[in-house]
Amino acid sequence: MSLTEKLQSVFVIIAILIGLILGQIKWVEENAVSLIVPSLMVMLYGVFLNIPLNRLGQAFQNYKMTGLILGMNFIWTPVFVWGLGAIFLRDSPDLWVGLIMLMVTPCTDWYLIFTGIAKGNVALATAFLPWNMILQVVLLPVYLLVFVGKLVQIDTAIFLESIALVLVVPMLLAFIAKWLIPKVNGFWREIPLKIAAGQTLFLCLAITAVFASQGQTLIQRPDVLLKMLPPILIFYVITFLLTQVISRFGNFSYEDFACFSCTTLARNSPLALAIATSVFPDRPLITLVLAIEPLIELPVMVLVSQLLLFLRRKGQYSQMER
């Protein structure tokens with residue numbers, strides 16, 4: 001990972017602060033929203049271009065771990081989170097929708113950082129990256145129709161148009177670029193690679209625009225963060241404990257246990273933010289939930305990585321050491 005990618009979490013927090021400050025300027029507040037979708041489309045182009053498709057088969061060299069991680073990310077988590085929303089956010093459908101969209105899209109970047117900090121199996125975690133991305137692209141529309149469609153009205157035409165614009169277009173452009181890059185040289189070869197390298201910049205630009213356009217909503221609704229804390233924290237605690245139980249019964253090595261934990265805990269995919277902005281432009285709380293989540297997730301993942309190292313030092317998983 002590049003230094004920019006490693007510091008992405010820091011840049012995201014800075015982007016949030018800049019957005020809140022710029023949002024105090026009326027002209028910026030009124031026009032910032034127009035930057036969100038284009039910025040996210042460029043960022044997603046970079047994400048799709050960097051998907052290591054050649055590693056798709058590597059994940060199945062450890063079929064047991066692959067099955068467990070995919071099952072946790074795409075079966076357990078959607079059902080569990082829907083239940084948490086029913087308990088804590090029944091009276092706030094927009095927050096419930098935001099929680100679902102947030103949690104059904106696994107992280108595709110900084111979970112690798114925390115796996116490395118925890119001295120986990122980074123190679124195996126990297127092998128899951130293309131599967132996490134491909135499956136969430138395929139399944140996010142399904143989750144929206146199955147879970148979210150019961151909570152808020154979804155305009156089918158806008159929904160399909162948004163999926164095509166925000167997901168399909170960047171994906172097709174990235175795959176075309178992958179095909180063209182080996183066939184061209186010099187300046188034309190560097191253009192798509194430079195854009196892909198700037199994906200963190202475009203993510204931060206989108207987040208700045210979100211907070212510049214919706215900062216007043218956050219100021220008027222300071223309870224949003226407090227309402228989101230219980231279900232999000234319970235998700236992290238229960239899922240972490242579940243990965244411990246499964247790892248013990250599965251006799252995983254410590255490295256695989258750390259990989260399992262970080263890969264199933266880390267969320268915050270930009271895909272969800274892009275879709276929320278396009279599909280629910282008149283429901284700013286949904287977008288806001290997705291944008292503020294790093295303020296909760298980052299401290300939690302730092303704590304999780306340190307807890308994993310503590311368990312390693314205490315010999316809790318000594319029998320799992322390679």
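Glycine too: its Cβ is placed from the backbone N, Cα and C atoms.
Just so you know, TrEMBL annotations never went through curation; they're auto-generated.
According to TrEMBL:
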TRANSMEM  7-27  transmembrane segment
TRANSMEM  33-53  transmembrane segment
TRANSMEM  65-89  transmembrane segment
TRANSMEM  95-114  transmembrane segment
TRANSMEM  121-146  transmembrane segment
TRANSMEM  158-181  transmembrane segment
TRANSMEM  193-212  transmembrane segment
TRANSMEM  224-245  transmembrane segment
TRANSMEM  286-311  transmembrane segment
Quiz prompt | Annotated stretches the transmembrane segment (121-146) and the transmembrane segment (286-311) touching (3 or more Cβ pairs under 8 Å) | solution = no
Quiz prompt | Positions whose Cβ lies under 8 angstroms from the transmembrane segment (193-212), at least six residues beyond its ends | solution = 2, 4-5, 8, 11-12, 14-16, 18-20, 22-23, 28-29, 32-33, 35-36, 39-40, 42-43, 45-47, 49-50, 174, 181, 218, 270, 273-274, 277, 287-288, 291
Quiz item: Taking 3+ C-beta pairs under 8 angstroms (sequence gap of 6 or more) as contact, is the transmembrane segment (224-245) in contact with the transmembrane segment (33-53)?
Solution: no
Quiz item: In the same chain, who gets a Cβ under 8 Å from the transmembrane segment (65-89) while lying at least 6 residues past its ends?
Solution: 59, 95-96, 99-100, 103-104, 106, 124, 128, 131-132, 135-136, 139, 143, 147, 227, 230-231, 234-235, 238-239, 242-243, 246, 250, 252, 256, 259-260, 263-264
Quiz prompt | Among the ranges 33-53, 95-114, 158-181, 286-311, the one whose Cβ pairs under 8 Å to the transmembrane segment (7-27) are most numerous | solution = 286-311
Quiz item: Which listed range (33-53, 95-114, 158-181) shows the maximal number of Cβ pairs under 8 Å with respect to the transmembrane segment (286-311)?
Solution: 95-114
